[in-house]
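Chemist: Heads up, here are the entries from TrEMBL:
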- Glu1227: active site, proton acceptor (ACT_SITE)
- Cys80, Cys83, Cys115, Cys117: [2Fe-2S] cluster 2 binding site (BINDING)
- 226-233, 316-320, Asp329, Arg391: FAD binding site (BINDING)
- Gln733, Phe764, Arg878, Ala1045: Mo-molybdopterin binding site (BINDING)
- Phe880: substrate binding site (BINDING)
- 198-383: domain 'FAD-binding PCMH-type' (DOMAIN)
Amino acid sequence: VRLTGTKSGCGGGGCGACTVMVSRYQPATKTFTHYSANACLLPLCQLHGAAVTTVEGIGSTKTTIHPVQERIAKAHGSQCGFCTPGMVMSMYALLRNKPQPTMEDVTQALAGNLCRCTGYRPIVDGCRTFCQEANCCQANGDANCCRNGDGNPEKPEEEKPRLFEKEEFLPLDPTQELIFPPELILMAETANPETLTFYGERTTWVSPTSLEELVQLKAKHPKAPLVMGNTNIGPDIKFKGVLHPLIISPSRVKELFEVSETPQGVWVGAGCSLSEVRSLLEKLVPQFPEEKTELLRSLNQQLGNLGNQQIRNVASLGGNIVSAYPNSDLNPVLAAGNCKVSVISSGGRREVPLNQDFFMGFGKTILNPEEIVVSVFIPFTRKGEFVRAFRQAPRKEASFATVSTGMRVFFSEGSRVVQDVSLYYGGMGPTTVSAAKTCTAIVAKPWDDETLSKAYDIILDELVLPPSAPGGKVEFRRSLTLSLLFKFHLEVLQKLRDTNVIKDEVPEKIWPLPREIQPSLQEFQAVSKDQSAQDPVGRPIMHRSAVGHATGEAVYCDDIPKTDGELFLGLVTSSRAHAKITAVDVSQALQLPGVVDVVTAHDIPGMKFRPMSGQEEELMAETEVSCIGQIICAVVADSRAHAKRGVAAVKISYEDLPDPVFTIEEAIEKSSYYEPRRSIERGNVTEAFEKVDQIYEGEMRMGGQEHFYMETQSMLVVPVGEEMEFDVYVSTQSPSAIQEAVAETLGISSNRVTCHVKRIGGAFGGKVTKTSHLVSITSVAALKTNRAVRCVLERGDDMLITGGRHPVMARYKVGFMNDGRIVAADMEYFTNAGNTIDESVLVVEKMLVHMDNVYNIPNLRGRGAACRTNLPSNTAFRGFGVPQGLLMVENMVNDVAAVLGRPADEIREINMYRGPSVTHYKLEFSPENFLRCWDECKLKCDYSARRKAVDQFNQQSRWKKRGMSIIPIKYGVAFAESFLNQAAALVHIYKDGSVLVTHGGTEMGQGIHTKMQQVASRELHIPTWKIYISETSTNTVPNTCPSAASFGTDANGMAVKNACEILYQRLEPVRKKNPNGTWESWNNHEEVIIVFLCVLRGEDLYMDWEKMEGRPGAYFTFGVSCSEVELNCLTGDYRVRPKKSSLIVDFVMHFSFETLFCRQIEGAFMQGLGLYTLEELKFSPSGLLYTRGPSQYKIPAVCDVPLRFNVYLLPDSDNPHAIYSSKGIGEPVVFLGSSVFFAIKDAVAAARSDSGLVGPFTFSSPATPERACLACNSQFTQKIPTSKPGSFKPWALNI
């Protein structure tokens, strides 16, 4: 049907890019149900009788766009656009059910949709306009809102420019929505239900209509799984290769969806979706006294945190129970609440209690294979009975729990003596476990501190995790069993006090962390009143493709229609980290249906390697592998599924080599480095250390980061058919590098290869070197088969193969005076580069160049080394080493402040560059704009008052702490190699006056095409709608440089500007002859040459490492960020508080692209927030990446957005080195996300001080809940015994 709007981002229901709306007709009630679902998990066989609406179905540019599509686009909620169709459909499904939602509804609806570009805030702002509370000044994203008490919306102080105007939006009219197909209504009301059977290539799908038939099927096929939501079986089939010859779908068996009430409780059909269960609980709770609904409310609370909206809409209650996941959210609560299930089989019915005997092991229950869960009984609670559910997860929403609990206690009336208690935990073993011994110790005892104190010791002995337990986090998980029980203790005490059973003062009530996203502010300078209304520069223009993103019409690489005879390529990768290849057996693969051929290194006619930094990287390993995930060969088949099966059938034999190197420490021990190693120094560090008042030495580690671009690596290589010519369609930041790689691999000249890039679904540095390797292999397959070959990596393979940001370890020695002046610093950086050099040495160089940040340290020495290890090679990533290097510098400054007992911001101010300054590599610059940024940020966020308020709060609160930090950056923009800063642009003016612009930059969400359109509009003095940019291609603009280093707009913008200026000058004689003519008439003239290619040389930049001097950047971008967090010391959870958190970037206002840059700033900050607080890559002891998808690797989601996020662009700045005085901001702002890291560390320091711990402490990045909780060193974490390193084999390496 060629509907490509629905995207595939992960294939496992974790990213939301594939969200669609499913609608069904209910004949019994003659009503319709609409719900969002993940298309990647939705079996087509299960949609009989359903209507599926994709993004194309609700609006398009060819007809009319829907208000949801319009508002996300015009609110600038789309950058790369790959996630946008999913966002649109999640919101659309919500509006079909609730036309006037609350903000809570909106954030819940979007919780299952990931975005890597925007930072979510503009998406939320666009969706906020549908809310009832949006009818005030906050609708336009104005932070000075009447609801905040910050201003008077009727009399604003001054009219400030806004990013969008709500009044211009199309109204939402629910009466104009799509109707449910009448033929499906007719079918549902007239057809006699009959069993449906679908036959696939290897699997048969059966959908019975009665419970009796279902029982017979299950008795005959006891091993056949029952599939309702496919959220468990689906991923197993897709990612683990599990094959089920028969699948039974009981979705049409009415008995599985029945609900009935009894005086004792409610029976809920096991087939009910979790969303339906939640709706049922919300309806039941108000109907009964509070004392009867304790369990119902706890279940409802836990359901709100389970999965995401799309998952809850399809996953069933019964399926969730019998899956018996170790870290289940529901099973501990159901078990603690004395629930039971009714099961049926050919032997009859029986009721089985959900208790410690029900869960037998990982994925196993006491039920027999042929038994079917029909319904679940949820009892009402009694007077004096309290039930609570708690959980801790790596991310607040849409994340599997680290530890979950269900806790119930029962008291006789008027007593605090425990009559009965149940404590169940998830995440503390292979299945849900009961703390039965602890319960026995509590029963018949008064509920008080003494009883619970004894319970803590018993539960530690009862719930034991071995140090190498699957999932890791052993100390954290064990501490959570105590801290969550303590939290239950406090809540029960509060309940007993509220019911007058006790008079004791409750130590502290731990309120939930705040969660409502408040209106935020983006403050930028309005354009001059003298500026032409036609001139778009400086005005809030939306991304030129935003509407196409929102309608699904924007074409990405994998959306290109399949050509006749096209093949699909799958990659065979190494399963060993360090081994010789002894044999490659492809015979079984070649015998499989659909498999056409296998491509190996022997098939490469040209270069079998890619040159990188003076070294050679093999395209496909021939004799030896050096990491898990290294490409050995590729299978070419007629479909993706057949290619995947072929890959699994290739057999590789290995001979392991000794002593693989995985960690930085191992690399240092074995001197495993890539050369050259770099060093830089100013002053005399050694002598300076002898003269300082104090010296402190520290060490810090920082983990890596996965790019997690929403569109995985995608490419299509098409043999043109003559003279060895190839068209390459690819998602890459560097078309010319792809052209060169394909030509050299195939042994042909570059003029036979044309690379086309329409747009990229995110890149962040990950689609340069790695993409050239992949496309080279794909081109070999196309050459060998003489057919078009497509390669689109699955998310897991992409994460396994392509590497990411370099993990770093730094050691530092700092000498300082008692007044806070840092006199000397010696920094040593080590990066984990992986198994090939890639750009790792360049990353180290960038770290050393930026190691001074904004501090004038007179004696400064830096050394850096890229460590060679047996992990997948790391590569370029937004910031290119600066986010890692500067974190170490700022941590060092923090340590100085901690040693001196002074505020960190004071130490920062003391050591800042002031007046005419010189960097440690002898570059002169002025820090004036930075100092303005610093002062403005402190003023805008009312830093001094907030700092006092934070300190006061921490004195009064034991288990919740607040932290605050203000962090600066000085970032050198552009490539240090001059040849990489060149650019070119080709501008065509056609006789009808339309303009076609082609330039060397690639559109990947940063809006470069939109910016180039604005440049051309200004220089040619025509409206933007006359200007079109189709794609980036090597046959129009040759020898382009990568779109990277935040320099794409600077370089290409100047090239477009120069080309347009020349063309406009050529029109001067014609304009003089016909001054009253039109643009069209001027260009329809024989004398006019209306095509021009302009090549821009770029700035002369360099870095001389021998002389330790240079000019490695064209200019500096300055910025400052202030963040305040609130930390739950018991669980490590935090939230960025809604107190005007501010981010100020030195960015000229008058001639810039404010809308696009505001979104870039917000997106970069959120990516930095993920880097420093959330995202963790985990490797097994053998070097296998565990975290290969969104279920294991957590990037920030809507729930992580700062509750108020204000962005200010510094006014009245100037930059003569870039187009219209703009500045590159895509990379610098990533580091400003560390303000959240240091705010968390500040909160942790406050918690540690309560335990008598003061001064510097080790706190590695990312600041996950695990690290934050353990660092707080509470009475509960102190109880956990620490396993001696070396005495066990850890579940994961400490990378």
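Cβ from N, Cα, C; glycine included.
Predicted automatically and left uncurated, TrEMBL annotations should be read as such.
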Chemist: What Cα-Cα separation, expressed in whole Å, is found between Cys115 ([2Fe-2S] cluster 2 binding site) and Phe764 (Mo-molybdopterin binding site)?
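Modeler: Given the Cα positions, Cys115 ([2Fe-2S] cluster 2 binding site) is 13 Å from Phe764 (Mo-molybdopterin binding site).
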Chemist: Please identify, among the binding-site residues Cys83, Leu226, Met228, Asn232, Ser316, the one with the smallest Cα-Cα distance to Glu1227 (active site, proton acceptor).
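Modeler: Going through Cys83, Leu226, Met228, Asn232, Ser316 one by one, the Cα closest to that of Glu1227 (active site, proton acceptor) is Cys83.
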Chemist: So for Arg878 (Mo-molybdopterin binding site), how many other CB atoms are inside 10 Å of its CB?
Modeler: 26
Chemist: Considering Cα atoms only, can you say which of Cys80, Met228, Asn230 is the nearest neighbour of Gln733 (Mo-molybdopterin binding site) among these binding-site residues?
Modeler: Cys80
Chemist: Where among the binding-site residues Asn230, Asn232, Ser316, Gln733 do you find the Cβ with the fewest other Cβ atoms within 10 Å?
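Modeler: Comparing Cβ neighbours within 10 Å for the binding-site residues Asn230, Asn232, Ser316, Gln733, Asn232 has the fewest.
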Chemist: For Cys117 ([2Fe-2S] cluster 2 binding site), which residues in the same chain are close in space, meaning a Cβ under 8 Å from its Cβ, but six or more apart along the sequence?
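Modeler: In sequence order, the residues whose Cβ lies under 8 Å from that of Cys117 ([2Fe-2S] cluster 2 binding site) (at least 6 apart) are Gln79, Cys80, Cys83, Met710, Gly762, Gly1005, Arg1159, Gly1163.
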Chemist: How many Å separate the two farthest-apart Cα atoms among the Mo-molybdopterin-binding residues Gln733, Phe764, Arg878, Ala1045?
Modeler: 12
Chemist: List, in sequence order, the residues of the same chain other than Cys80, Cys83, Cys115, Cys117 whose Cβ lies within 8 Å of the centroid of the Cβ atoms of the recorded [2Fe-2S] cluster 2 site.
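Modeler: Same chain, not in Cys80, Cys83, Cys115, Cys117, Cβ within 8 Å: Ser78, Gln79, Gly81, Phe82, Thr84, Arg116, Thr118, Met710, Gly761, Gly762, Gly1005, Gly1163.
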Chemist: For Phe880 (substrate binding site), which of the listed binding-site residues (Leu226, Arg391, Ala1045) have their CA atom within 10 A of its CA?
Modeler: Ala1045
Chemist: What is the separation, in Å, between the Cα atoms of Asn232 (FAD binding site) and Ala1045 (Mo-molybdopterin binding site)?
Modeler: 42
Chemist: For the domain 'FAD-binding PCMH-type' (198-383), would you mind checking the mean pLDDT of the predicted model?
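Modeler: Over the domain 'FAD-binding PCMH-type' (198-383), the predicted model scores a mean pLDDT of 96.
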Chemist: Could you tell me which of these binding-site residues, Phe764, Phe880, has the fewest other Cβ atoms within 10 Å of its Cβ?
Modeler: Phe880
Chemist: For the recorded Mo-molybdopterin site, whose residues are Gln733, Phe764, Arg878, Ala1045, find every other residue on that chain with a C-beta no more than 8 angstroms from the centre of their C-beta atoms, and list them by sequence position.
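Modeler: Same chain, not in Gln733, Phe764, Arg878, Ala1045, Cβ within 8 Å: Ala763, Gly765, Gly766, Val768, Ala876, Phe877, Phe880, Ser1043, Ala1044, Ser1046, Gly1226, Glu1227.
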Chemist: With a 10 Å radius around each C-beta, find which of these binding-site residues (Cys83, Met228) has the fewest other C-beta atoms nearby.
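Modeler: Looking at the binding-site residues Cys83, Met228, the Cβ with the fewest others within 10 Å is that of Met228.
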Chemist: What is the total of other Cβ atoms whose distance to the Cβ of Arg391 (FAD binding site) is within 10 Å?
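Modeler: Its Cβ shell of radius 10 Å holds 26 other Cβ atoms.
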Chemist: How far is it from Arg878 (Mo-molybdopterin binding site) to Asn320 (FAD binding site), counting Cα to Cα, in Å?
Modeler: 39
Chemist: CB neighbours of Gly318 (FAD binding site) within 10 A?
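Modeler: Other Cβ atoms found within 10 Å: 24.
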Chemist: Write down the Cα-Cα distance for Phe764 (Mo-molybdopterin binding site) and Met228 (FAD binding site), rounded and given in Å.
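Modeler: The Cα atom of Met228 (FAD binding site) is 38 Å away from the Cα atom of Phe764 (Mo-molybdopterin binding site).
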Chemist: Mind giving me a neighbour count for Leu226 (FAD binding site)? Other Cβ atoms within 10 Å of its Cβ, every protein chain shown.
Modeler: 23
Chemist: Taking 10 A as the limit, how many CB atoms besides its own sit near the CB of Cys115 ([2Fe-2S] cluster 2 binding site)?
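Modeler: A 10 Å sphere around the Cβ of Cys115 ([2Fe-2S] cluster 2 binding site) contains 31 other Cβ atoms.
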